[in-house]
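To start, the structure under review is shown below, and the notes come after it.
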Amino acid sequence: MVDNSKNNTETLLCCSFCEKNQKEVKKLIAGLSAYICDECIKLCNNILEEENNNLSSYYDVKKKIPTPYEIFKHLDNYIIGQLHTKKVLSVAVYNHYKRLNHLNSKKNNNIELGKSNLLLIGPTGCGKTLLAETLAKFLDVPFSISDATTLTEAGYVGEDVENIIQRLLQKCNYNIKKAETGIIYIDEIDKISRKSENPSITRDVSGEGVQQALLKLIEGTLASVPMQGGRKHPQQEFLKVDTSKILFICGGAFLGLNKIIEKRTKLGTKIGFNAKVNKNLKICSKDALMQQVIPEDLIKFGLIPEFIGRLPILTILHELDKKMLVKILSEPKNALIKQYQTLFKLEDVELKICTKVIEYIAQKAMNQNTGARGLRSIIEMLLLDTMYRLPSMTNIKTIIIDESTIVNNNLTPILIYKKHDSKTTSGK
């Protein structure tokens, strides 16, 4: 007796890829000597679609390069002052993406264009990070920020330099082609200066060692980046990323660099009883001294010559004065005052902050030496009680923060009710 069920199973056709039989799938398409099911076709389509999207996003970024003037005007909408730095960044970024076009062009005439990474030097809160962030948003390219203080030489406790690339990959969902058109900002770069000007017999794993490790990465190499981040080990998978197409912007405050510059500029002056007094010698401000920086000063500070060579474009950001801080508070598109006014608008309340109060906030930030970074915390403290009580209050039309609000730390604003009668909060 023949077992029919057994014969039926044997005659079933199977997908050559997933090995599911024709009863387990909706459709089975036959080829010359193979079969493919509808599920495998769908999977293949998804893979091809994803690759096409990756390529299209890469080439879209590649083709649309704003002119230096357009980049400058956009930066001008969000950052107050720093005109020279904005001009330097605009030209450098335009040339960088023009270089990427040249690399991918069929008309490439075998002339290799070098990469020009940037070094931004300026005090804390002067806009170094904001400049890089605004650039990346405008160009619609992947952007990541890394802190140089966490980096150590390979084999020591801390982060490997490849983690910098890994952060960029995370920002673009591990799309390697897109990551290779990105911008990486390395903050606190001055903190990896070597501990002394002379080479030491002991290893400087978080200073000169990190600089040496960053050399090839910044210049351009095929970096092996661990998929899951962390330390490298032989068993894990690596992603290959060409860093020659990534623009690196390094920034730092370089505290004490002005003293090195001052010492260099006064070297020609003799001292002693018989020395002639140079009447033309002017006492320069710290800001003016920083504008005179040369690569030799950075070497004395602790950066190795090879590292400075990888950052050919150097620009100095000015220290922010009170007038600039007042403008930062109110003029840019995303100015802090406008942000808080929008926040209050969500409660259907208009917020008005008088000029004297804005000047007070700017002066307080100056006294704290925090630059523009300290402005938000000052405003938060100023509006804390008001923001605490406002959601529980009704019928409020306008809140006015005037000079009387800040006198003797009396943080009680003027409230204008919708019934058109002016009152002041009781402070309860």
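From the backbone N, Cα and C atoms, a Cβ is placed for every residue, glycine too.
The Zn(2+) binding site annotation in Swiss-Prot covers Cys15, Cys18, Cys37, Cys40 and rests on sequence analysis. Here Swiss-Prot flags Pro123, Thr124, Gly125, Cys126, Gly127, Lys128, Thr129, Leu130 as ATP binding site, drawing on sequence analysis. The domain 'ClpX-type ZB' feature in Swiss-Prot is assigned to 1-56; the stated evidence is sequence analysis.
Note on the domain 'ClpX-type ZB' (1-56): its mean pLDDT in the predicted model is 75. Each residue contributes its Cα atom, and for Thr124 (ATP binding site) and Cys18 (Zn(2+) binding site) these two points are 58 Å apart. Lys128 (ATP binding site) falls within a helical segment according to DSSP. Listed in chain order, the residues near the Zn(2+) site other than Cys15, Cys18, Cys37, Cys40 are Ser16, Phe17, Glu19, Lys20, Val25, Leu28, Tyr35, Ile36, Asp38, Glu39, Ile41, each with its Cβ within 8 Å of the site Cβ centroid. Checked against Cys15 (Zn(2+) binding site), the binding-site residues Cys126, Gly127, Lys128, Thr129 differ in C-alpha distance, with Thr129 being the nearest. Annotated ATP site Pro123, Thr124, Gly125, Cys126, Gly127, Lys128, Thr129, Leu130; additional same-chain residues within 8 Å of its Cβ mean position, judged by their own Cβ, are Gly122, Gly251, Leu317, Gly371, Ala372, Arg373. For the pair Pro123 (ATP binding site) and Cys40 (Zn(2+) binding site), the C-alpha distance works out to 58 angstrom. Distance noted between the C-alpha atoms of Gly127 (ATP binding site) and Cys40 (Zn(2+) binding site) is 51 Å.
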